[in-house]
């Protein structure tokens, strides 16, 4: 029988529910249990695919092509699993599916209501996420905070699950903030008490509290919360601020969180062996070197827009015993005249993805600086496309060369729309999304980075591609197409072989990086940057 764990939040948003859920998932996985995890987002968008990065941060893409919340990146990195489209559910997605069924007459003339139709659809998503992965345990995080009007159908669905599958198969975990008032010199429990009262008013009694705090929590405070919130005192778990996120699973294990969960759900599983994880954390805490990487992006005011890129750089740094000193460079600020001033102190330069024209000329100048000064450079998605544009302009002398996306009237459309995208008008969910194979060119830097594999599978999110009409001219000038689709139609990786490391990929390698298993192309880039700093 599948066990269901529901993680809710109270008092404030962005309290760390996702990290708590991911950390618990890691502990349960290391007990030998098969775990999956999902995120409920109460916003009305179908998915975050068309949302501004300033609103939502990065869009995380799964193997099967779902555009999802960035928390799924935390889930995959912590638990080291590959999630699917059932792992992210929004209000918009549920309502659109229910309304589509209503239009088809599938409700047989019934009045379609929040209860039971919306809540049934939500419960079906929970069960589908578990069944498609054959999991022993599914952890479901509900975005937002208890009391938000848009969360009510989600919480009602969670309440109903207890009756549907039995109380012994369901556990409710509530995360809250425990503020410390310096003036009073004490922690205040009232916000948590009221949050739990609100949750109980909706019919959900939490079985565990996870309290986010900056200071250590005395046992007396835990006992008080246990008494007023009707949970066992040992089930009041402290989640204190830490230097590195990957410490959190160890901190939760030290408080027997996973054992309490197993006892409640009657899961007979051995103790979690966190030896490898602990060794990784110890290494992270004691890195001996520092490498400066300049990230040239258009959304640098919000680092979450590049969360997976940053984490992938860190992971590759761990493998090289180096901390990553990230220098955020706004692409709008980079010109041919100041590129050396902005980028001259960087050991390596990364140019990540993005959409739209703003900042693209600055990215092109950053790529030009890296090429002309032989600074290790990694381009991702749009960064790969602009690498091709830069080479066309400044090496092949194709004046005005550009991407058709950015300048439809260009004489040299180096990057063009994919053939199967020409007639598509909708923006959401219509890109080339998900896992696709990439055939590597033997002897190339890309092939060496991937240990001379013939083919790798990586996740994509794009609508435009390199225009093959120009391929022969590029190759004649020494531009190497080191990764292509198996049918040789789509360019996946480009590079300049004579440079220390000048490689750009159409796909998003960062989405498959893990703290204890870094992505190979990122690792090759960081390794080259370290050598460049010596």
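Each residue's number is its place along the chain shown, starting with 1.
Every residue, even glycine, has its Cβ placed from backbone N, Cα and C.
Remember, predicted model here, so these are calculated numbers, not experimental data.
Swiss-Prot lists 54, 354, 382, 383, 384, 385, 405 as binding L-glutamine, and of 288, 459, 463 the one it places in that same site is 463. Within 69, 71, 80, the residue that Swiss-Prot lists together with 14, 15, 16, 17, 18, 19, 240, 241, 242 for binding ATP is 71. Within 10 Å of residue 241 (ATP binding site), counting C-alpha to C-alpha distances, fall none of the binding-site residues 141, 190, 193, 224, 385. Taking each of the recorded positions 71, 141, 241, 405, 510 in turn and counting other Cβ atoms within 10 Å of its Cβ gives the largest count for 510. Of all Cβ atoms in the protein chains displayed, 24 besides its own lie within 10 Å of the Cβ of residue 18 (ATP binding site).
Residue 383 (L-glutamine binding site) is surrounded by 24 other CB atoms, counting those within 10 A of its CB over all protein chains shown. Across the structure, residue 16 (ATP binding site) and residue 382 (L-glutamine binding site) place their CA atoms 31 angstrom apart. The two recorded residues residue 381 (active site, nucleophile) and residue 508 (active site) have their Cα atoms spaced 7 Å from each other. Ranked by CA distance from residue 71 (ATP binding site), the recorded positions 189, 382, 383, 508 have 508 at the top as the closest.
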